[in-house]
Amino acid sequence: MLPLPGLSVKVDGHVLVGVLCLLEHDEEYIFTLPCAYARSILTVPWVELGGKVSINCIKSGYSATVTFHTKPFYGGKVHRVTAEVKHNLTNTIVCKAQGEWNGTLEFTYSSGETKVIDTSKLPVIRKRLRPVEWQGRTESRRLWQHVTKSLKEGNMDEATEHKHRLEESQRVEERKRAVDNKPWKPKYFTKEGDGWIYNNPLWKST
């Protein structure tokens, strides 16, 4: 079946991964990310996830594969996912899941037990943020506040203009650093191999 027309965004060359640390269990989960597809770009745009995601925890000995299914051109549902959780040592499937990642998910365990979770009803923990006026000059929310405001208001032309101004000012600063031979030094990250490491990760503060 053909997917809906639009644009796709994926990482080429190096696989982009994330790390989730569950401090209360002293477990570290490494996971890849799905591709993002921009749909209906000529009308009302929306984003769809697609592709396979792998999740692995060395300490627990479990891994999972989550498949984000893109909606076919005719029929089908959006945001559908299926998943399998495997015990690596015995190579056995201990749990399967299916449903919508932003809706209802049904889990079936190897014991025969089933569980249903409605993700739309899960409690949302709001971020604790400093007011924009208290943030540093280069903090993302302060830098992009006008772009964000315009997008929320549906004013794409104004958002594009704010984005252009911001990016041009950053290009000017980059050219000045090149003339002064002053390479950019990140405040919170340190280069390590082909990636960047956060200087103060949570697991180092416990």
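Residue positions begin at 1 at the first shown residue.
Positions of Cβ are set from backbone N, Cα and C atoms, glycine also.
According to TrEMBL, the features are:
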- 153-178: region 'Disordered' (REGION)
Positions on the same chain near the region 'Disordered' (153-178), where near means CB under 8 A and six or more residues out:
143-144, 146-147, 184
Per DSSP, how many helix, strand and coil residues does the region 'Disordered' (153-178) have?
23 helix, 0 strand, 3 coil
